[in-house]
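For reference, the structure is listed below as structure tokens.
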Amino acid sequence: MEIASQEDPIPINTSYGNSGGGHGNMNHHHHANSAPSSLNITTSNPLLVSSNSNGLGKNHDHSHHHHVGYNIMVTNIKKEKPVVIKYKECLKNHAATMGGNAIDGCGEFMPSGEEGSIEALTCSVCNCHRNFHRRETEGEEKTFFSPYLNHHQPPPQQRKLMFHHKMIKSPLPQQMIMPIGVTTAGSNSESEDLMEEEGGGSLTFRQPPPPPSPYSYGHNQKKRFRTKFTQEQKEKMISFAERVGWKIQRQEESVVQQLCQEIGIRRRVLKVWMHNNKQNLSKKSNNVSNNVDLSAGNNDITENLASTNP
């Protein structure tokens, strides 16, 4: 019993060359792993052509089994350049204590000792530390993040953001210089809705009103109401304050309430008025009383002298 005769060989048939007839069912089985895009791949595989592949026949089955052995050629690998750090001119300000700006003119850092020693951190020209010199790195890609040199941003008049397949217009913050005493009309009202829906499914953000200028606070605030007193009210308040010693006592609460009802003011107004006028009016009343006492004493002295002299 021959086992080999019972095994059917796997048909690997292809029509390689000029085939004049039509192809039947073509089954392409690609078992090769995909190679990276940065690699150039060359294939070297002999094509197995069967003896009965004449390129003709209606039901001729072409099955390409690409079991390919790859010869990989690596070409696009970038070699990293060695990073070289250099220290250029000295930037130390020798006149910083005097509020000026003066540099020593050293153009490049020159170490004072061998590499790895402490002396290697000191410049032999200007005797300054290495950190005072401008550092320059070679072999390193430089990236600049500047808001003024960004070519990938849309123009500042209209900035759009992607938000779940919708375009959102986002206005830029506006810097407003407001004159003294001028504020926006919407600054005192509540802020409106920040988002409203427009046509086309887009969303627009409304910028809230800017805060008022700090110079306008003193001009737009309401003036504090100042109570004006009549001459009669002033006289009664002065006499009461002199009687209680310019200080309201708790035991005199009934007298205070009676005075407030009589002259038509509130207790707090009377208390504030006594506090504000305590120094000035109390001194004036003391001076007047002293002058009255002195004049009365002088009159007594003159009367005594007149009685003694016949």
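If you go along the chain as it appears here, the first residue is 1 and each next one adds 1.
Glycine is treated like the rest: Cβ placed from N, Cα and C.
According to Swiss-Prot, the features are:
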- 222-285: DNA-binding region (DNA_BIND)
- 39-56: compositional bias 'Polar residues' (COMPBIAS)
- 190-199: compositional bias 'Acidic residues' (COMPBIAS)
- 281-291: compositional bias 'Low complexity' (COMPBIAS)
- 292-310: compositional bias 'Polar residues' (COMPBIAS)
- 1-64: region 'Disordered' (REGION)
- 184-220: region 'Disordered' (REGION)
- 281-310: region 'Disordered' (REGION)
- Met274: site 'Required for DNA-binding' (SITE)
- 87-136: zinc finger (ZN_FING)
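Long-range Cβ contacts of Met274 (site 'Required for DNA-binding') within its own chain (separation 6+, distance under 8 Å): Met237, Ala241, Trp246, Lys247, Ile248. Note on the DNA-binding region (222-285): DSSP counts are 46 helix, 0 strand, 18 coil. Each residue in the zinc finger (87-136) has a pLDDT score, and their mean in this model is 91.
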